[in-house]
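The structure appears below as C-alpha cells.
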Amino acid sequence: MESQWSPAFPLHSPSVVFLLLATSYTWLFPITSPQRVPTDPQAAPEYAHSIRLDGDVILGGLFPVHSRGDRGTPCGELKKEKGIHRLEAMMFAIDLINKDPELLPNITLGARILDTCSRDTYALEQSLTFVQALIERDGSDVRCANGDPPIFTKPDKIVGVIGAASSSVSIMVANILRLFKIPQISYASTAPELSDNSRYDFFSRVVPPDSYQAQAMMDIVTAMEWNYVSTLASEGNYGESGVEAFIQISRETGGVCIAQSLKIPREPRPGEFDKIIRRLLETSNARAIIMFANEDDIRRVLDAAKRNNQTGHFLWVGSDSWGSKISPVIGQERVAEGAITILPKRASVDAFDRYFRSRSLSNNRRNVWFAEFWEENFNCRLGMHGKRPGVLKKCTGLEKVGRDSSYEQEGKVQFVMDAVYAMAHALHRMHRELCYGYPGLCPRMASNIDGKELLSHIRAVKFNGSAGTPVMFNENGDAPGRYDIFQYQITNRSTAEYRVIGSWTNKLHLKMDAMRWKTGDPSLPASVCSLPCRTGQRKKVVKGVPCCWHCESCEGYHYQASEFTCELCPYEMRPDKNRTGCVPIPIIKLEWHSPWAVVPVFISMLGIIATSFVIVTFVRYNDTPIVRASGREMSYVLLTGIFLCYAITFLMIATPDVGVCSLRRIFLGLGMCFSYAALLTKTNRIHRIFEQGKKSVTAPRFISPASQLVITFSLISVQLLGVFVWFAVDPPHTVVDYGEQRTQDPMAARGVLKCDISDLSLICSLGYSILLMVTCTVYAIKTRGVPETFNEAKPIGFTMYTTCIIWLAFIPIFFGTSQSAERMYIQTTTLTISLSLSASVSLGMLYMPKVYIILFHPEQNVPKRKRSFKAIVTAATMSGKLTQKGGDRPNGEVKTELCESMETNTSSTKTTYVSYSNHAI
C-alpha cells in the first residue's frame, strides 16, 4: 500500500527527502480503525519508550537515558546521573514554570522526552517524532480493511527541543530541526562546529562551546609551562571538534606543540586502549594528555594506563566530559591522581535535591524509566518483569534516594533547568508581544508558533538561572565561557576528591599553590620536548617541531642575542660571563711593575747613571789631554745621544697619551741619530785625513771641531725634519688595539692602549739612524788599518760591529713576534733593550777606558808632543806600506824605521795620545 504525503513547507534538501522517504510511513503515522482508537494516549505503542506530559505548549526533550549498546543493540545500560537526573531536571523545571504565576501565566508547558541511547543515528530516528505534526498527511488512497477511511493519531506539535547531550547527537538532530524551523537549546553539547550560525541557525546552548574550553585548556597548559602535549579524542563531533579547536589555538598562539593526536574509535576492538597507551609512550616526554573523550572512554584509558604500569607518568587534562565525575576514576584513583579537569561553572540546585530525594515508585509514574532506575540504584529486583533478573533481592518500594543509596546531583542539572527556563522566557516574551493582555494562548500562538520568531526571542533572553548565574546567548547562540578548574587529588588520609584550583572567565585564574601531583608533592611536573637551554646557549629547533630543539653554546665572541640566535659582539667588546650580552674588553698597557718593564728600566737606569758619570767626569776633566784628544765637542754630542737612548725606555713604558706619543716620535730615533751622526762624522774625518794624506800633504777641508759640529747637526736635522713631516701628515694620537690580544678565549682578550705608531712608521723612524749606523760601520772598516797610536778608529769599529750584531738580532725578534699575544711586551722590551745595549756598547768601548785612565791613572793623562799633519800622514802612509810588506815575511814580523824613529824615551808600555785636532791645515 502506498500513501501520499506532502510537507507543510517546501523541502529543498534532497538528503532530507531521502531520509524521510526511507522512514516507514506507518511508523510515522500509525493507522487505527474507528473501533480501535486507543482511549489512553500513554498506552499507545509510540509512547512506550518516551515520556509525555500534556500541556498547552509541548517541548521536546532528548536525553541519554541509556548508554550505547553493543554491536547490533541500540541501547545499553541505564545512565543514572546523565540520563535520569537530567530528564528529571527538565520535568522539575516544567513543574516550577507551570506553578509560577509570573512566567507564562495561564499557559501550561508539556513535554515529549525521548531516549537517545548515546547514539547519534538512533537519536535521529527518535527525533523524527518531533516533526510529525508539521507534515501534511494525504489519506485519500488509504483505506481500512472494512473500506472506511483511516483515522490518524494526532501527533504532538513540538515548538522547541531541549537537548541533546552529545554534540554528535545535537548535530544530527539540528540538521532535521532547522528544516522544520524548530528551535533547539542544548544543555551539554559543546562542539565548536555548532557555533556555525549558517549551518545550525536554530541551535542554541546554555553551555559555552569547546572553543572557549579549548582556550581555557590551552591557558592551563601554558600556565603549567608545558609545551609538548598529546591529544586524545573520542571519535565523533565532540571529541574531534574539541581537539581540532585546541590544535588550532596552539598553532595561532604558538609555544605548544602536539606530539601525537590520537582518536578512540566508536567501536574499539579488544586491546585498543593498550595500543593507545603504547603509542602515547612513543613520545614519552609529552606527559600531558589533552582529553576530549566521553566518560566511558576516559575510564577505559585510565584502566589501560594502570595495566601498563604507567601510574604517575601521564598528566591528564580533561574536558567537561570528565569534569568532576566520579565514575571514570572509581578504582583508578592513583592513575588519575593529579588530573586537571574543566567544567562549566555551575552550582548545585538545592530545590532539585529535595525534589529528587522525594521521588518514589508511587509518585513518579510519569517517568517510564524510573522503575529501571530504582532497580539499578538500590540493587534490587521489581517482580518477575524486572530488568535485573539475576538479582535476588526484591525491591520493597519503600527505599529512599539518598538514604538507602548514595546521591550526588549530576553536574548538568543546572544547565538542563536553564535550557527549559530559557525556552519558557522566550515563549513569555513572544506571548507578551503577540497576545498582550490575553490570558492563555491567543489564536496567533495557539494555531501556529513561528519557530523563527521564537528563535529571535530565545537569542534575546537574559535572566538569572537556577544557580543564580546569568543566562544569555550571543549571535551564534552560544553561552559565555565560564569554567571551574578542578584537580583530582589524594589527601594524606588516602581519600580522593576533586578540588577547585581555579576558574576561567575569558582569562585563567589558577591557584598554583593549591595544586598537588604525586601524593603530597607540590612541585610542578614537566611535559616538554626539550629542557630549557642554559644562559649563553641558543635553541636549534628541530625541523617541523618548534618545541623540540638542541642547545648550542654561543662560542667565541658571540653572545645570546635571542632565544634562537647568537650574534657577534662589536669589535671592541666581548661576551659577558653568561654570554647574554657584551661588555667592553679591558684595556691594558705596559705597567711599570711588569717584568717586561722592570728589566729595561733597570738597564736604562744603570746606563743613565753611567752616562751621567762619564759626562760629569769629562766636564770635570774637560781640559785634560785625554778629553781633548777624544774631541770634546763630538764626545758631548755622542754622550747626549747615548743618554737619549737610555732615556727613551721611560717614554716607551709610560702611559700613552698625546704628549707621550709626541715625545716618542721625536726621541725614538733621535738618540741613535745623535750617536751615529757623531761617530760617522768622526770616522769620516779620520778616513778623509788619511785618504788625503796619500795624495798630498794638504789637510782636507772641514776637519775642525766647528765643522764637525755643523756636519753632525746637519745629519741630525734630517731626522728632525722627517719627524716634523710625520707630525704634519699624521698627528700623534693614541689608539686601542683590540686585535693584538684578541685570543680564542674572549675572557683573555685585552685591548692594548698604545700610540698610533705602526711597524712601518717605526722602521722609517729608526731607518735613518740605522743608515747612519751602517755607513759609520763602513767607514770604521775602511779606517781599521790606521795605527791605534793616532786615533780611536779601532774602538769605533768594534763598537759598530757589535751594534750591527745587536740590531741584526733585534729585527727577527721584533717582527717575528708580530702575531704573538704578548706582542706589546716583547716588542717594547726588545726595542728598549736593543737601544740600551747599543748605547752601552758605545759607552763601554769608547769612554770607559778613558774614564778609567782619568780616574785611576792620572799619570798617563799628560800632554805629549804634537806632530805636524805632514808627519802624521807620512807615518800613516809608511805604516800601511810596511804592514803590507810584513805580510810577505815568513814570521810576519814588522819592524820599521818609522816606528823606531817615533819611539820616544818613554817606556814602551806607555800609550801615546796624539792630538791632531788643532793642527794647521
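Quick reminder: no glycine exception, Cβ is built from N, Cα and C everywhere.
Positions annotated as transmembrane segment by TrEMBL: 596-616, 636-656, 662-681, 702-729, 760-781, 793-815, 835-857. Residues or ranges marked as domain 'G-protein coupled receptors family 3 profile' by TrEMBL: 596-870.
Between the transmembrane segment (662-681) and the stretches 596-616, 636-656, 760-781, 793-815, Cβ pairs under 8 Å are most numerous for 636-656. For the domain 'G-protein coupled receptors family 3 profile' (596-870), the model gives a mean pLDDT of 83. Tertiary proximity for the transmembrane segment (702-729) is limited to same-chain residues at least six positions away from its ends with a CB under 8 Å from its CB atoms, namely 631-634, 637, 662, 665-666, 669-670, 673-674, 677-678, 680-682, 684-685, 688-689, 761, 764-765, 768-769, 772, 917, 921. Beyond the transmembrane segment (793-815), the same-chain residues lying 6 or more positions past its ends with a Cβ under 8 Å from any Cβ of the stretch are 679, 682-683, 686, 759, 770, 773-774, 776-777, 780-781, 783-784, 786, 826-827, 830-831, 834, 837-838, 841-842, 845-846, 849.
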